[in-house]
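Enquirer: Not my notes, these are from Swiss-Prot:
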| type | residues | note |
| --- | --- | --- |
| TRANSMEM | 15-35 | transmembrane segment |
| TRANSMEM | 45-65 | transmembrane segment |
| TRANSMEM | 85-105 | transmembrane segment |
| TRANSMEM | 142-162 | transmembrane segment |
| TRANSMEM | 179-199 | transmembrane segment |
| TRANSMEM | 218-238 | transmembrane segment |
| TRANSMEM | 299-319 | transmembrane segment |
| TRANSMEM | 331-351 | transmembrane segment |
């Protein structure tokens with residue numbers, strides 16, 4: 001009996017996490033169909049899981065970045081710049097794709113929803129102002145509020161300062177980083193239970209009946225995200241690596257995107273992405289910086305949301321849009337998306353900025369935001385999945401391309 005119990009425990013702790021997550025997903029759906037009160041009660045499991053991920057993510061970023069920079073060897077190359085360019089190119093490509101799809105399949109809205117009382121930023125300058133203030137945030141406040149721009153700045157600064165410390169101090173920082181990484185792996189093993197709770201409680205409390213009125217809008221939104229995830233991103237990965245991109249793309253969607261879909265938080269998915277980077281044997285000095293940076297500025301899903309909902313409002317009001325204006329909207333949506341992490345409410349609260357381009361009054365723009373909140377069950381989940389999975393995908397693409405280049409140079413040598 002004891003041997004059977006230990007065998008079961010070993011399968012649970014060392015078995016395929018993806019299969020366990022799929023099992024949790026199916027069980028969550030079944031529970032929501034069988035007993036709504038029981039499904040609502042399991043919401044606590046999901047809340048605890050997301051809370052644990054959010055709690056460990058800031059300290060993970062701080063320790064990993066600090067340790068990697070403090071122990072960085074002189075002359076050792078990192079690949080942050082090409083990854084950042086891929087983030088920006090991916091976000092702009094997503095916005096451009098959303099414009100094209102919205103022109104081919106124009107959507108309209110029923111703007112009768114009461115405007116939300118959340119105040120959006122006044123302009124793109126205010127968004128950038130908020131991001132700059134995040135840079136100089138108090139480090140304790142940055143950790144408490146999960147301000148990843150502030151955490152990155154302090155981690156980089158401390159890392160450079162600690163380069164001049166003695167080896168004992170560097171070893172201590174490395175040990176601390178390894179300890180936090182161990183805790184992260186422990187938390188991630190509870191993903192199947194957390195997703196079981198999230199799925200069952202979401203289906204029990206909201207269902208999907210409220211979404212049917214916005215079926216076409218949702219199809220355009222999710223269709224854009226599918227095109228970006230399965231066509232645009234693989235193309236960018238291929239241009240970087242010159243090899244079949246789909247094994248990497250599908251792995252990232254499966255192991256990062258699925259978890260992000262249910263947690264609906266790029267910050268909470270940072271530990272998952274870090275673990276996947278380690279599994280792919282990527283350069284730790286690179287991914288310890290690029291993953292939290294991606295959670296802040298790599299927002300392809302947000303660019304799609306801003307573009308599609310803005311053009312839906314434009315179509316509803318009968319405002320003509322020419323090609324130059326549509327291209328300008330792509331640029332504005334990409335810039336807004338990169339600042340989405342610095343705005344309470346994320347991408348939805350940046351829609352009024354894009355609407356302002358077309359002279360749409362703020363009252364109507366806020367009704368569009370309210371529509372976004374209604375469809376948020378699916379919109380936010382898909383948006384987070386594409387945002388977070390792309391972080392690890394582009395990081396892996398650049399690292400693998402660099403490894404291939406070094407191997408080729410070694411053969412020539």
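Backbone N, Cα and C atoms are what each Cβ position is placed from, and that goes for glycine too.
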Enquirer: Check the transmembrane segment (299-319) against the transmembrane segment (179-199) for contact, please; criterion is three or more CB pairs under 8 Å, pairs 6 or more apart in sequence.
Expert: no
Enquirer: Test the contact criterion for the transmembrane segment (85-105) and the transmembrane segment (179-199): 3 or more CB pairs under 8 Å, pairs 6 or more apart in sequence, then answer yes or no.
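Expert: Result for the transmembrane segment (85-105) with the transmembrane segment (179-199) is no.
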Enquirer: Which stretch, 15-35, 45-65, 218-238, tops the Cβ pairs under 8 Å count with the transmembrane segment (179-199)?
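Expert: Looking at each of 15-35, 45-65, 218-238 in turn, the most contacts to the transmembrane segment (179-199) are made by 45-65.
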Enquirer: Taking a Cβ cut-off under 8 Å, which residues six or more beyond the ends of the transmembrane segment (15-35) line up next to it in the same chain?
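Expert: 42, 188-189, 191-201, 203-204, 254-255, 258-259, 262.
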Enquirer: What residues in the same chain, six or more past the boundaries of the transmembrane segment (45-65), come closer than 8 Å to it by Cβ-Cβ distance?
Expert: 142-143, 146, 148, 151-152, 154-156, 159, 173, 176-177, 180-181, 183-184, 187, 190-191, 193-199, 201, 262-263, 265, 267-272, 274, 284, 288-289, 292
